[in-house]
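Trainee: This structure is in structure tokens; I'll ask about it shortly.
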Amino acid sequence: GGCIKWNHSCQTTTLKCCGKCVVCYCHTPWGTNCRCDRTRLFCTED
């Protein structure tokens, strides 16, 4: 269980980011420096 908090580092294969709309975003083309710091477009927290 558990989830990764906003702006904490993440890997797309492990725990999900906290919040339904929050996604793990990698800041380099080769898939490193990934953080839970993006939200899905047109997504609302329910």
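Along the chain as shown, the residues are counted starting at 1.
Cβ coordinates come from backbone N, Cα and C, glycine included.
Sharing the features that Swiss-Prot gives for it:
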type	residues	note
DISULFID	Cys3-Cys18	disulfide bond
DISULFID	Cys10-Cys24	disulfide bond
DISULFID	Cys17-Cys36	disulfide bond
DISULFID	Cys21-Cys43	disulfide bond
DISULFID	Cys26-Cys34	disulfide bond
Trainee: Between Cys34 (disulfide bond) and Cys21 (disulfide bond), what is the CA-CA distance rounded to a whole number of Å?
Mentor: 16
Trainee: Taking the Cβ of Cys24 (disulfide bond) as the centre, how many other Cβ atoms fall within a 10 Å radius?
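Mentor: Taking every protein chain into account, the count is 20.
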Trainee: Just checking: which of Cys3, Cys10, Cys17, Cys18, Cys43 have a Cα that is within 10 Å of the Cα of Cys26 (disulfide bond), counting only these disulfide-bonded residues?
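Mentor: So the list is Cys10.
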Trainee: Around Cys10 (disulfide bond), how many other CB atoms lie within 10 A of its CB?
Mentor: 22
Trainee: How far is it from Cys10 (disulfide bond) to Cys36 (disulfide bond), counting Cα to Cα, in Å?
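Mentor: Counting only the Cα atoms, the answer is 6 Å.
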Trainee: If you measure from the Cα of Cys36 (disulfide bond), which of the disulfide-bonded residues Cys3, Cys21, Cys24 is the nearest?
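Mentor: Closest recorded candidate to Cys36 (disulfide bond) by Cα: Cys24.
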